[in-house]
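Here is the structure we will look at.
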Ligand SMILES: C[C@H](O)CC(=O)C(=O)O
Ligand SMILES: [Mn+2]
């Protein structure tokens, strides 16, 4: 592969953050410590730890965590000798106070995440993280939903605020390879900082899209062991490591060790296998935020509505992360429509 960047590729492992959605934020200290220690030993450079919706996400709206995320960050950082602990912050859910606390407990990197059109809400958090001495990256979510020119404009804002990298975050797992290529290329031509890519595997394109992103010049890549992440999960780390090794690229991650973590440590944690089923496929097809899936399935079951209809309607309304309350609104409207049809 001929890459458009000669910088090394650095992987952030997100099974302890995006994967938190899958376990409904019920990670125990023991699970987090075991996973973090093993990932560190396998050579993973960044391990992200927090509630799935980032710092401060443990609420009734997003789901309460079993263990306070500051404790998880602290315990994970104690057992890592080389890996840096990363965390995620969505301004409005997490605050600068949360950020200061996460830093004190051992987080060395924060990814400040906003909807793809709302980078301006990240300014304070990005500058504050820099003042603390943290590494800080911008994370533009639902990147499929805005024109490329908008993505470029918003990424430039994050660069101006002081981010060291900006991620194209395919929250819905909706981007096609050509669309990833177009976006990475546009950012490469406009930014002076690193470009990152975060995928969801809802259309079975996560590894392929990640390869396209790397080829086009992305150097910050997210992976999740055993695909543990919202919807159909993220780019499967152990698969990506194997594929990149075959292509002559070494991420510094031990292939056998990462395979063993997938099988022996993450396998038993998985509530069910991370397959692409009709629900997750609909996320990618309709361009819906991946962490909405479990909420839509729950609402669908409770009110007798096909979760795919809920997701399609959420996609039509262009619901963004943070609008979990819309899932119940949409479901009740669909129930009303169903009743009207029956009574006709
Ligand atoms: C808060 C979200 O889960 C962040 C993320 O991983 C995504 O948008 O994808
Ligand atoms: Mn994600």
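A Cβ is built for glycine as well, from the same backbone N, Cα and C atoms used for every other residue.
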Requested in this report: Figure out which of 6, 18 sits with 198, 200 in the Mn(2+) site per TrEMBL.
Outcome: 18
Requested in this report: Could you look at 289, 303 and say which one TrEMBL places alongside 17, 18, 171, 198 in the substrate site?
Outcome: 289
Report task. Report the residues of the chain - excluding 17, 18, 171, 198, 289 - with C-beta within 8 Å of the mean position of the site's C-beta atoms, for the recorded substrate site, in sequence order. Result -> 14, 21, 52, 141, 169, 200, 229, 230, 234, 290, 291
Query raised in the report: Around the Mn(2+) site (18, 198, 200), what further same-chain residues have their C-beta within 8 angstroms of the site's C-beta centre?
Result: 14, 169, 170, 171, 173, 199, 222, 224, 229, 230, 233, 234, 235, 290
Query - binding-site residues close to ligand 1 - of 17, 18, 171, only those whose C-beta is under 6 Å away - result: 18, 171
Query raised in the report: Given that the record lists 17, 18, 171, 198, 289 as binding substrate, what is the largest C-alpha to C-alpha distance among them, in Å?
Result: 15
